[in-house]
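Pulled the feature table from TrEMBL, pasting it below:
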- 234-360: domain 'GGDEF' (DOMAIN)
- 22-42: transmembrane segment (TRANSMEM)
- 48-68: transmembrane segment (TRANSMEM)
- 75-95: transmembrane segment (TRANSMEM)
- 107-125: transmembrane segment (TRANSMEM)
- 130-151: transmembrane segment (TRANSMEM)
- 163-186: transmembrane segment (TRANSMEM)
Amino acid sequence: MLAALLDPPPASVHEQQFRRQALLTIISISLLTSIFALVVGFPLHWTMGVQVGLAVLILKNVLFLMWIRAWPQHAPVIGTLYFAILAGTGVYKVAQAVLVEQVVNGLGIYSYWLPLAYVVAFLVFRASAALAASVSLLAALTVTVLAYIVMGSGGSDAERGHTVLLVQLLLSHVTFISFLALFSVLQGRYVSSIARAESEAQAAYLDVLTGLPNRRQLMLWLASALSRAEERQEPLSVILFDLDHFKLVNDTYGHEYGDVVLQRTGAAVRDTLRRGSLVGRWGGEEFLVVVPSTTVDEARTMAERLRLSIAGISDERHAVTVSLGVAQVRTGESLQGFLKRADEALYAAKHAGRNQVKAA
């Protein structure tokens, strides 16, 4: 656990989002509690100094909230400033209460909020930085307690009682830090587990070679698009195509070059399709495009653009061409029947000489 605390892995996007949201939540809660305290303070006739302090606290939290909402990427800077203000003010208030006002039994009203600084540190910073910040705050409080012990005569029962109280304060803060350090390590592992699970789930629906969605993802999209088209009575079309003579490409130039052709094809399709179209690798050298709210004639025009775009990836070794089949779903047609007609249109394009578009 110590190694994970002192040398944590690089922060993932999920962890950064978690820490940013944690900071936003802390500032929001602090703002609400400050407003509540100020409202309650009026009928209770709290001193003007306390009310002004609460007003300043509200203003600070409002400014921090506006900052983090306008520039979320500044969250680390905002968190550092928030911790510095919270910790610095806390140490100052405790020192004033203990060394100047000598109300050690109460330690001043601000002392009760000191543990919040540790919470902020471990929620906003990485584990090692949070530990360093928390230990620094604890060291400042320890210096304050030592100063009180040195400055006092140490003879009276009251002073001995005050010393015990201050030592208990420091020990409680050590406990807070230890617990939060453990929490930070567990939280880091939890976030990493979520990120790993999401990555693995995404990989299950992604074709590694082309970076396009795979057949499993396409089937989910198709089922959803078909249901939506039936519900809204809108057209739905698909474009099924494959690379002509791709086996010959692999046999002649090797599978490594064949993989490059597949990758270039995927990139060309992504660059050509309009917004809202869904494309993926259907299997082998076959690709499928799902085009919602599109008639067969519109899909055929799109398929022709795809054919020309893919031809543009040709090089001196091989002229890349594709055969494309287009189909529009019919009323009451099953998904299997819909795809079968697209497949038949694709083979019609091949039998007609390849490098062309056919519609079912």
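Just so you know, glycine gets a Cβ as well, placed from its N, Cα and C.
What you are looking at is a predicted structure, and each value in this text was computed from that prediction instead of being measured.
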Is the transmembrane segment (75-95) packed against any residues at least 6 beyond its ends, judged by a Cβ distance under 8 Å, and which are they?
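The answer is 16, 19-20, 23, 26-27, 60, 64, 67-68, 107-111, 113-114, 116-117, 120-121, 124-125, 133, 136-137, 140-141, 144, 147.
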I'm checking region-level scores; what's the whole-number mean pLDDT for the domain 'GGDEF' (234-360)?
95
Do you know the DSSP helix, strand and coil residue counts for the domain 'GGDEF' (234-360)?
59 helix, 31 strand, 37 coil
